[in-house]
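To keep things clear, I will list the structure first and then write my remarks on it.
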Amino acid sequence: SPSTSRQQNQPQGHYGLTSPISLAPPSDKDHIHTQKLIEAMKPFGVFEDQEELYHRTTVLGKLNNFVREWISELAESKNLPPSITEQVGGKIFTFGSYRLGVHTKGSSDIDALCVAPSHVERSDFFQSFFEKLKNLEEVKNLRAIEDAYVPVIKFEFDGIEIDLVFAKLSLPTVSDDLDLRDDSCLKSLDIRCIRSLNGSRVTDEILRLVPNLENFRLTLRAVKLWAKRRGVYSNIMGFLGGVSWAMLVARICQLYPNALASTLVNKFFLIFSKWDWPKPVLLKRLEESFLNLPVWDPRVNPSDRYHVMPIITPAYPQQNSTYNVSVSTRAVMVEEFQRGLEVTDEILKGKSDWSKLFEPLNFFQKYKHYIVLTASAFTEEHHLNWIGLVESKIRVLVGNLERNEFITIAHVQPQSFPGNKDLYKQSGYVSMWFLGLVFKKAESTVKTNVDLTHGIQSFTDTVYRQASALNILKEGMKIEATYVKRKQLHYFLPAGTLQKRKKQRVSDISQNNSGLQCKRSSLGESCSDGSKDRDSRTPSNSSSLNKISKLDISTAETERLYVFEVVGGMWFLILWPNSKSQVSPTEMEATVALRTSGPPIGCTIPGYNTVCQLRTCFVQGQQKLSGTLIADPKSASPKQHYSPTSK
């Protein structure tokens, strides 16, 4: 960490810290615009009603008593003296949106911290406390993510979603008046406990550093609503989470301490659309402490220099809250900042209204090329564990795709979509994510081979290996990646999700995520499995098929075959043959096969005896395309080799 003297010698503008830009009092026009902003936000349910607030308060009270009861029972089981057992205490702290005072109507999740005395181990939290939760009737959808950066237990308590993290202090008891803002509470703690405590400490510090809480909260509500509507609200997917958006808004409040929410929203987009990333955003200067814990500082830590959009937490030890952000996700957010600036400028000039700011991103019309990521499991419990792991690793896939020299943007839609009833019958429970791709424009007309399979396979291998290491890999757990063009998205999503919308107002707030329609073959494969598609799909692909001459596709079992030109003479072919099809491409200079599923070699699933692999063959000037697929695990049949030219 930098020395205190070095910090004091830094210029005022160091790391983006400057004096307030404007101290001007708000005008009557500002008050009018702020009131209009409030009216535009009301239909979206961003303001919590008293009934919901009372219910959440009641749930937190019950959970706090439940934690104290568990800690006391644990002390008895460990034969602690009765005098200590009666006073061990324990407490639940809230942080995040609920603690910041920006909880929204209908959004029932609460971030909470369980603070325990020294006799409670982390293993106790994830074992005995987890089992105790299982026995509560009010608790549903219980799952533990013990290997996360901040380990957490997720569950619903009487209809309220709780994300509960754990920290034990080096104290024999935890009193009700415990103040976590004191750095001494971090003494002798392991790094996971420090990370858990950081959530509460950071939230309290943000509230302390903003000049006007009312203006901060209203502005943060508007920015969070905008971020969710525009699909850039998700820390786990590589965008920004709630605490990062809160820090950005708090920084704007520091720069414009007297401004009202309408002005602050506009200045938010103005400042961050022009921000010189990766210059970090800080609410206060980096500080030292007697604990000598590692803090974010690229002058000292080389790894910190690779963070592309650093937003630094204000509580010690200061950390970058946006380490998941990638080049692609930052580019998407900057584009949205620029749009937000244009829209709010129009609004403040009286040329538009605030509802335009909250128009949703039509993700499925934005790109020409997509990857559909499908995760499925046989049981609901396995599915919850499985999708939690897959979702936490999707940013790895984005990073892999970014490293491909032919891809400029890999944009993941944070929202997942369920499969339809047919998928549930065949694959149990199914979740889908969509990634939009932008290919780099070719500088010449030379045909180019582009291989996307390595990045995809590397991602799926990572997921399966970690699932195997965590002992959560079960029979029926599958992850598949399928390429589709925009016009093929209707096989996976309902028409209402895909229709092109020039303007979408309040009437479109509620989105229908159920009833996904996906044409399927009688072979019972999921809709992401192109190798089983029937000739009922071929009409929609006829224009693409015509781009290659002399293609002989058998009428007995027509496959989904996509051939398309991306840009500048770059051709791609995606082909998934089956045992009955015969395909003879004769004029093809670049091919890409993109279809991965199944665990890598070395990962075993109970009852899962075969491994799905992918083989691609890139040929220039020759008349052949070959692939190798292993049959469905249940059939346990030997490998089937497909060679269209040799059959």
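Cβ coordinates come from backbone N, Cα and C, glycine included.
Annotated features in TrEMBL:
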| type | residues | note |
| --- | --- | --- |
| BINDING | Phe95, Gly96, Ser97, Thr104, Asp109, Ile110, Asp111, Asp163, Lys224, Tyr233, Gly242, Val243 | ATP binding site |
| BINDING | Asp109, Asp111, Asp163 | Mg(2+) 2 binding site |
| BINDING | Asp109, Asp111 | Mg(2+) 1 binding site |
| DOMAIN | 16-210 | domain 'Poly(A) polymerase nucleotidyltransferase' |
| DOMAIN | 362-421 | domain 'Poly(A) polymerase RNA-binding' |
| DOMAIN | 425-500 | domain 'Poly(A) polymerase RNA-binding' |
| REGION | 1-30 | region 'Disordered' |
| REGION | 503-545 | region 'Disordered' |
| TRANSMEM | 231-250 | transmembrane segment |
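Across the binding-site residues listed here (Asp109, Asp111, Asp163), the residue whose Cβ sits among the most other Cβ atoms within 10 Å is Asp111. Here the binding-site residues are Phe95, Ser97, Lys224, Gly242, and the one ringed by the most other CB atoms within 10 angstroms is Phe95. Cβ atoms within 8 Å of the centroid of the Cβ atoms of Asp109, Asp111, Asp163 (the Mg(2+) 2 site) belong to the same-chain residues Gly96, Tyr98, Ile110, Ala112, Lys154, Glu161, Ile162, Leu164, site residues excluded. The average pLDDT the prediction assigns to the domain 'Poly(A) polymerase nucleotidyltransferase' (16-210) is 90. The CA atom of Lys224 (ATP binding site) is located 19 Å away from the CA atom of Asp163 (Mg(2+) 2 binding site).
Residue counts for the domain 'Poly(A) polymerase RNA-binding' (362-421) by DSSP state, with H, G and I taken as helix and E and B as strand, are 28 helix, 17 strand, 15 coil.
When the domain 'Poly(A) polymerase RNA-binding' (425-500) is classified with DSSP, helix, strand and coil residues number 30 helix, 19 strand, 27 coil. Taking the Cα of Asp163 (Mg(2+) 2 binding site) as the reference point, the closest of the binding-site residues Phe95, Ser97, Asp111 is Asp111.
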